[in-house]
Amino acid sequence: MKLLMLAFVFLLALATCKGDEFVCEENEPFTCNQTKLFNSGNFEKGFIFGVASSAYQVEGGRGRGLNVWDSFTHRFPEKGGADLGNGDTTCDSYTLWQKDIDVMDELNSTGYRFSIAWSRLLPKGKRSRGVNPGAIKYYNGLIDGLVAKNMTPFVTLFHWDLPQTLQDEYNGFLNKTIVDDFKDYADLCFELFGDRVKNWITINQLYTVPTRGYALGTDAPGRCSPKIDVRCPGGNSSTEPYIVAHNQLLAHAAAVDVYRTKYKDDQKGMIGPVMITRWFLPFDHSQESKDATERAKIFFHGWFMGPLTEGKYPDIMREYVGDRLPEFSETEAALVKGSYDFLGLNYYVTQYAQNNQTIVPSDVHTALMDSRTTLTSKNATGHAPGPPFNAASYYYPKGIYYVMDYFKTTYGDPLIYVTENGFSTPGDEDFEKATADYKRIDYLCSHLCFLSKVIKEKNVNVKGYFAWSLGDNYEFCNGFTVRFGLSYVDFANITGDRDLKASGKWFQKFINVTDEDSTNQDLLRSSVSSKNRDRKSLADA
């Protein structure tokens, strides 16, 4: 009988190993954490599996000029996080970058997405005012270290840390002067590092700075209408987000044009922006909610993808926003249209959308209201789409499937890299609890499972996946109250060891599973049950 049972288990494992037969679960309990059954072998050869970070969140402030997040978190420390945290020191990757590479090597990572700090390379914001040789040395060391370990660098030029001097001089992205300054900064980066960096990202999450930085005032530079937040030093939540978004697109396109004109033929690299994505589900079965869901997709994704693919904003945005939405000149439209070789897509959560036609007074109106939708974490029956992501939202692993398919079918089958996907845990947990982050394994493996599935079923052109994040770091607006890392950072002793969490050990095995790995891993906590495979998704409830 024992031999018969062993034979049955072996046959079950053998069948489940086949990528096209592995079942992806939409909700707990998850079984995808078994690296013997689901691993990098479910993806094509050469698929990049990496981790990600950004300069302000990991480098620390040593050796660079001030940026808008420095000023923002010091002027409004409570907005930097409930713990009043900021990026003054954080992980000190500026001096401890070799530790980062060692952790990535331990993870078996084949790629690393990081950003260059504009105010580190150009402390006074402009190339004409001087280049910092210390920054060149630092980034050369990091890039060379990655290449030596056969890790592919993906380098972001702007991850929200605008030099403060440019914000002071002309209000940063509110002014078209930013286009030339960003172009010059990008040109310098291509010149200095482009012989080794073959994957450039212009701007991280085009949606975020206009909305959180200029509509809500929750992010740097913290502008908004007075009645949205009395602490905002100035702003107009109805108009400024559209101006900033417009200038971001022009700056992005100018950088892409410089790369294609001066460097691409010799350096043989690629360049594109990063989009923050979400999947949206109807709040209920009404046509109004279904229509609101489509509007949410357009105002969230199409706001930027419309210009990038067609050289103009979506018609419904023009109808709803009116003259608050800027126009592209013919020359600008031609420059913006098609200004990407690939798209980086960040994906974390799914929301429900319901119709909201309420007209509010102009002094409390924000650009986020223009889609005439209300976004919620639960639907009309009180159901969430999946397990908790944080105190206010939930995740839905199949959402990544739908997002990838949506971008393929809506925006012309682009080359895609998943440039962020990750899960937070409380920042106040002790070492033992923080490193036993099994819920992060569930999050990562369930999303990777649906990513593999959509690539196979829909032939979506995805070539890489970067987990957020390499290690614990400063989290925008949350300080150190949350941890996203696959490795543990002790912020009371940042020079200490960077220990892999359970999620890091899982990712390590996922990337490079070996025959020596036990089938009955200690990570295998979820049972394989037909009941779980057959149960209805909460997203459909």
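Heads up, the Cβ atoms here are built off N, Cα and C, so glycines get one too.
If you look up Swiss-Prot, you'll see E420 marked as active site, nucleophile. For E420 (active site, nucleophile), other Cβ atoms within 10 Å of its Cβ number 25.
Marked as beta-D-glucoside binding site by Swiss-Prot on the basis of similarity to another entry: Q57, H159, N204, Q205, Y348, E420, W468, E475, F476, F484. Applying an 8 A CB threshold to same-chain residues 6+ apart, the list for F476 (beta-D-glucoside binding site) reads Q57, W69, W160, D219.
Other C-beta atoms found within 10 angstroms of the C-beta of C24 (disulfide bond) number 22, with every protein chain shown included. The secondary structure of C24 (disulfide bond), as reduced to three states from DSSP, is coil rather than helix or strand. Look at Swiss-Prot and you will find C24-C449 (among others) tagged as disulfide bond.
In sequence order, F30, C32, N33, F38, W506, F510 make up the list of same-chain residues 6 or more apart from C445 (disulfide bond) whose Cβ falls under 8 Å from its Cβ. Taken from Swiss-Prot, the feature disulfide bond covers C32-C445 (among others).
The disulfide bond annotation in Swiss-Prot covers C224-C232 (among others). Counting only same-chain residues at least 6 apart in sequence, those with a Cβ under 8 Å from the Cβ of C224 (disulfide bond) are Y214, A215, L216, G217, C232, G235, S237, T366. Under DSSP, C224 (disulfide bond) is assigned to coil, being neither helix nor strand in the three-state scheme.
In the structure as shown, the Cβ atom of N33 (N-linked glycosylation site) sits within 10 Å of 25 other Cβ atoms. According to Swiss-Prot, the feature N-linked glycosylation site maps to N33 (among others), an assignment based on sequence analysis.
Taking all protein chains in view, 16 other C-beta atoms sit within 10 angstroms of the C-beta of N108 (N-linked glycosylation site). Taken from Swiss-Prot, the feature N-linked glycosylation site applies to N108 (among others), supported by sequence analysis.
The N-linked glycosylation site annotation in Swiss-Prot covers N175 (among others), and the record cites sequence analysis as its basis. When secondary structure is read from DSSP and collapsed to three states, N175 (N-linked glycosylation site) falls in the coil class. With a 10 A radius on its CB, N175 (N-linked glycosylation site) counts 16 other CB atoms from all the protein chains.
As annotated by Swiss-Prot, N-linked glycosylation site applies to N236 (among others). Note: N236 (N-linked glycosylation site) has non-local neighbours S225, i.e. same-chain residues 6+ apart with C-beta under 8 A of its own C-beta.
In sequence order, A292, M369, R372, T373, T374 are the residues near N356 (N-linked glycosylation site), counting only same-chain partners six or more apart with C-beta under 8 A. DSSP assigns N356 (N-linked glycosylation site) to coil, not to a helix or a strand. Positions annotated as N-linked glycosylation site by Swiss-Prot, on the basis of sequence analysis: N356 (among others).
Residue density at N379 (N-linked glycosylation site): 23 other Cβ atoms are found within 10 A of its Cβ, drawing on all protein chains shown. The N-linked glycosylation site annotation in Swiss-Prot covers N379 (among others) and rests on sequence analysis.
Annotation source Swiss-Prot lists N-linked glycosylation site at N493 (among others), citing sequence analysis. Same-chain residues at least 6 positions away in sequence with a Cβ under 8 Å from that of N493 (N-linked glycosylation site) are not found in this chain.
As annotated by Swiss-Prot, N-linked glycosylation site applies to N512 (among others). Proximity of N512 (N-linked glycosylation site) to non-local residues of its own chain (separation of 6 or more, Cβ distance below 8 Å) is seen for S40, N108, given in sequence order.
Swiss-Prot lists 1-19 with the feature signal peptide.
Look at C445 (disulfide bond): DSSP puts it in a helix. Taking Cα separation as the measure, Y348 (beta-D-glucoside binding site) is nearest to E420 of the recorded positions C24, N175, N379, E420, C449. Neighbour density for Q57 (beta-D-glucoside binding site): within 10 A of its CB lie 26 other CB atoms from the protein chains shown.
With respect to N379 (N-linked glycosylation site), the closest of these recorded positions in Cα terms is C24, chosen from C24, N204, E420. Considering other CB atoms within 10 Å as the measure, the emptiest surroundings among the disulfide-bonded residues C32, C232, C449 are those of C232. Each of the binding-site residues Y348, W468 was scored by the number of other CB atoms within 10 Å of its CB, and the largest score is that of W468.
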